[in-house]
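Asks: Quick one: this structure, given as structure tokens, is what I'll be asking you about.
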Amino acid sequence: MSFLSLTNIKKSFGPVQVVHDFNMGIEKGEFVSFLGPSGCGKTTILRMIAGFETPSGGSIFIDGKDQGALKPNQRNIGMVFQAYALFPNMNVHDNVAFGLKVAGTSKTDIDIRVKQMLGLIKLEHLADRFPYQLSGGQQQRVALARALAVKPQVLLLDEPLSALDAKIRISLREEIRQIQQQLGITTVFVTHDQEEALSISDRIVVMNAGRADQIGTPFEIYNTPATRFVASFVGTLNIIEAKVADPAAGSITIGNQPVTLREPIAGLNGGDTISLALRPEAGSIAEGAKGDASISGEVVSTSFLGSVIRTRLRVGSDIISFDMFNNPGIIPPASGENVTLRFAAKDLLVIRE
Amino acid sequence: MKKIWAWGALLFGILYFTLPLVGMTNFSLKMRRGEYSFDAYAKVFGDPRFQETFTYSVTQALFTIVFGVLLVVPTAYWIRLKLPGLRPYVEFVTLLPLVIPAIVIVFGYIRLYNTSSWLPLTGSAFGTNILLMFGYATLALPYMYRAVDTGLRTIDVATLTEAAQSLGAGWATILARIILPNVLVAVLSGAFLTFAIVIGEFTMAALLNRPAFGPYMQLLGANRAYEPAALAVIAFGITWGCLGLIQLVSRFQKSAPPKA
Amino acid sequence: MSSAHISARSPARRLPLHWLGILPFAAFVALFLILPTVKIVVGAFQTPDGSFTLDNIRGLFTPSILAAYWISIKISIASALLGCLAGFAISAAVVFGGLPKGIRGPLLTFSGVASNFAGVPLAFAFLATLGPVGIVSVFLRSELGIDLRVLGFNILSFWGLTVTYLFFQIPLMILIITPALDGLKREWREAASILGATGFQYWRMVAFPILLPSILGTLALLFANAFGAVATAIALTGSSLSIVPILLFAQIRGDVLGNPHLGYALAFGMIVVTGVANAIYIWLRARSERWLK
């Protein structure tokens, strides 16, 4: 059994079922992200692990112990909330000390541990500040230290970065990942930001309407999305609607232009519609670009994103984006220009609905 | 377990608050021996003293409201706009009437504005009426100021003012046409509360010897048995009406579409 | 003032013009709030011909006047504390107790009404309830054989006044504390709980300290509210119960002959008592909210 195992978890609020038969095992020391839009059930699962919600069915085991009968304060779990949730009436030191204090730890031990935790988040100098005197990023680091001070078995992070500025969001997520690896603590992270999930997770669970659409490493999730939802939610994949020409030969048409896939198409007939995914970085319009497939289209727009230039092509009724790396010598295609995009046929992924 | 405790607290509250209301209503209907009747109400409404004092208090309340609005709205506006540093002090001053008992304030009036003073307001009935009105405005000040200030907080006073000035509006126009309509609900809330306070006020009216509704009720209570209960029901009805109107206007504001 | 329009541009000179805007308010407050109070305070230390004296203050220290202050303070403290407790319990029941959501709106509306239902009519309502022929007294006597008067309860007494004052004290507490209870974030309770705290520990270490400033403020307000209540007391007891506001009322009316400057001293004493109550409040509050902005 995994360190944290969720078996057949269900949850309904009244007539609405928000989590359907969820199964997952999380290994000790693993960093797992739950990714999905709001209302997909990711936060509900987190709150069930914490014990704030009781599952309507199924069981939660941590380190072999059934958590079903345990109240939140008996579970030894650390949690960081989206809105920091620091106690406003306590200074940084007392906030971090709170869990130790209610556990009856001696004052000397508390002071040692608090110092250690503040060292971990590099805020030793702010021990006497009250929460209102801290920036959002500082508050969230204190919240992290508070959660970790009691040496929890599992750390739960409920969208801890979404209230912060973009810049701090990135530096803090790196800090969280680094501390997590340093302590080797099993962590569940809930977010709606795919970049966040991709950048710090060992594994990602993409949630959709109360179910896990796909569980896999960031690499798998991004490169081989299992469903159309995963493909559209993670990254900026192009979803192309194509028509099947000859299923056995793997030939299709995109906006009347023929393209041949690497494999035959199972379960579809000629004339059926098929969804395909193409990563924006998989194609190129440069002279002599490699690729065994190509489509032509009209340039709709070009946007400069810093390190890359993203161009949108109209092919039939589809819009296909592709990225090229910026370099000063490049001349971006102009709107209205007709260009040919070359790519490897193996990069064209068939998407299940 | 938690629910039982909660229901217990609520039940206690309901009992404590309903019994006196039931008691006074019940008593007010028992004037005729052996059966319920509205005799006590008929007696009260038929009493010319009731009509006189009630009219007097309503008039006082209306004047107090007008004076209060004219005093508080420009002041609160001006402080938000030009003297924000002064706000805590003004707020403190407006809360003083909650701390200094009304009887002390009116005692001060009597000694300060008697016939032999520099401003002999108590020398004539008219002057005393004015003084009483100022007293009521003082009592209502904490509520009025809070209501208006809260109302002003929800609008961007500085931007509205600059926009109006750029279109050539003067101060009077800005106050009457821009600020007042925007805090109307707050002003109305303060006004209804003022009305509720003034209509039953006893101490100031009694000590300034004015024929107001409060002293009339007290006088009746000292001499009659059933009519006071009827008066209590009426007074409760008026208070309920005023507070109901506050709810009504604030709900009206919530349901109104947000201004662009 | 030919330079008026020029000086209007310099910020330093503009200040006086700004201050003109609050002149009406300042004048009103000075004439009808501050000066009358000051007049009382000064008068308390003056003889009728205007010279300084401590005799008026000394005059307060007679057993009957001291007793009146004492019972006034007792009633105010009792009704403020009980009002706080009961109001808190009812408010907490509605906010946290899992009661139907529909109760909340009517409760707050009713509290608004009841907190303003003070004075003479309130006294009538309680006379009709707990007075000798009140509905509860009669019910207890005829149905249960309990005579409140035999038990020592009298509406014209310390407990009678306290129970009556609670009718406006409890709703006032509810009105003030309900928003404060709403302000307790769910995450604080959850954070405390996930860190291992029991419900009691959460209340003792987090919720109560956060609420304390509001509770203290309400206590001070309720105290002043009860201490200055004249109408309810007079309508309820006539002048049979000797509490300070009734004593002062009689003094001003001229019912009691004697040194007119004793009235100043009585009123001054009231200001001192409510002033001390508020000073205690401000001091406690400053201690309890270091963490506030």
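Cβ atoms are placed via backbone N, Cα and C, with glycine included.
From TrEMBL, for reference:
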- C:20-45: transmembrane segment (TRANSMEM)
- C:69-281: domain 'ABC transmembrane type-1' (DOMAIN)
- C:80-99: transmembrane segment (TRANSMEM)
- C:119-140: transmembrane segment (TRANSMEM)
- C:152-181: transmembrane segment (TRANSMEM)
- C:201-223: transmembrane segment (TRANSMEM)
- C:230-250: transmembrane segment (TRANSMEM)
- C:262-284: transmembrane segment (TRANSMEM)
Asks: Using Cβ distances below 8 Å and needing 3 or more such pairs, separated by at least 6 in sequence, tell me whether the transmembrane segment (C:152-181) contacts the transmembrane segment (C:230-250).
Replies: yes
Asks: At a threshold of under 8 Å on Cβ distances, which of C:80-99, C:119-140, C:262-284 pairs most often with the transmembrane segment (C:20-45)?
Replies: C:262-284
Asks: Who are the chain neighbours of the transmembrane segment (C:119-140) in space, where the CB to CB distance is under 8 Å and they lie at least 6 residues beyond its ends?
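Replies: Apart from its flanks, the transmembrane segment (C:119-140) reaches 146-149, 153, 155, 160, 163-164, 167-168, 231-233, 235-236.
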Asks: In the same chain, which residue numbers or ranges, 6 or more beyond the ends of the transmembrane segment (C:201-223), come under 8 angstroms Cβ to Cβ?
Replies: 76-77, 79-81, 83-84, 87-88, 169, 172-173, 176-177, 180-181, 183-184, 188-189, 192-193, 274, 277-278, 280-281, 284-285, 288-289, 292
